[in-house]
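First the structure, in the form of structure tokens, and then the observations on it.
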Amino acid sequence: MREEIKKSWRGYFIPVFCLGCLLLNCYLLLGRWEYRDDIQKINRMASETGTRITNSIIQDYEKFWTEKMNTSGMKWEELEGFIRMAPGLFENVSLEDMAYSYISDNHLSGEAAEYAVSLYHGLEGRKQEISANEAGTLFLPASMSYFSYLSVYILFITAIETIAGCVLITVRNTHFEINNRTEAVIYTTSKGRRTITDKLTCSILDGIFISAILYGITFILLTAVYPVNNLLTAPVSSGMNELGGSPCISSWPISIGGYFLLNFITASGLGIVFVLLAFTLSAVIRNSFLAVLLVLAGTSIIRIAGMNMPLSVMSYFYEKYNPVDCLLQAGKWFISCSSSVSLPFYESGTIILWSMILGSACMIMIRRFNRQEL
């Protein structure tokens, strides 16, 4: 195993790949730069006055903003509107309207539309819990679209980068001997044959490492560019938050910081699924470039098949339990809004199901490799 890890780091693929992705993330992080000063002010205000919104706290907010932060940028009257609206926001949220917005956006009908409505109606209890405990929490106002930008760009792109890194490092690890023309020497011994299992384990560890580096450093950069350390404990379902212009209903109480961590865990799980897929194909295809193309082709086929599913039957939702659609939901995992609804056991179910399927395929490929003549 130690030798396989050394091989995976030879050539500096992992550091170079991670550096390139982090440079892209740095560029994307500048997308809300015009709000940086106001974000700093709100973060400082949260530190000095607290984040739980009450009538007395609103007076403290106003005093703090007008006396200590009387500079250019967002006016108190604008911020006050969002703060006063937050505690009662979810009392006026119509799950029925959210359901029909989702149905309209996805052109659903028949059984699929009825099921979508039932999913949103099932959020009633969670909506009441949010209204009582989470909505009245200070966060960045919806006009900044901070969480939308974080979800749609930062978290989504970082998830894509993680999966790309997992696929590429798996193909590289599996084909290391082939690419260096040493397979005739290594694989002619029984010990050499057993390294194929080590390659799979090493690829999984490399994938988790890549995910940790990308999410960890991106999070550090995010909090450095936009100081929000005092707002990270705010719930995703704060009445001041929004996703695509819609209130956020998280599957359970979770903070902004916790949601970032949850995305890292989910992306790492999906990364393992794609490692298993890439390993299965790499064990059959001896050309690295072709193996990567086959992974892309396979994911494209799954996506195209999903896009052509009937929009009036339950199979529309069943088909979504695949790693490609799950990946495309990155940034919206475990959240329901007018443009997205959290399906039952969606993320965990997809990862477990496909890990079992592709894990079995990997075991078959390993046995086949150990028995074949080179």
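The backbone N, Cα and C atoms fix where each Cβ goes, and this holds for glycine too.
Feature annotations, courtesy of TrEMBL:
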type: TRANSMEM; residues: 12-30; note: transmembrane segment
type: TRANSMEM; residues: 146-171; note: transmembrane segment
type: TRANSMEM; residues: 200-226; note: transmembrane segment
type: TRANSMEM; residues: 260-281; note: transmembrane segment
type: TRANSMEM; residues: 288-306; note: transmembrane segment
type: TRANSMEM; residues: 351-369; note: transmembrane segment
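When each of the listed stretches 12-30, 146-171, 200-226 is scored by C-beta pairs under 8 angstroms to the transmembrane segment (288-306), 146-171 comes out highest. Taking residue pairs at least 6 apart in sequence, the transmembrane segment (12-30) and the transmembrane segment (260-281) share fewer than three C-beta contacts under 8 angstroms. Residues 153-154, 157-158, 161, 165, 168-169, 172, 206, 209-210, 213-214, 217-218, 221-222, 225-226 of the same chain sit 6 or more residues outside the transmembrane segment (12-30) yet have a Cβ under 8 Å from a Cβ within it.
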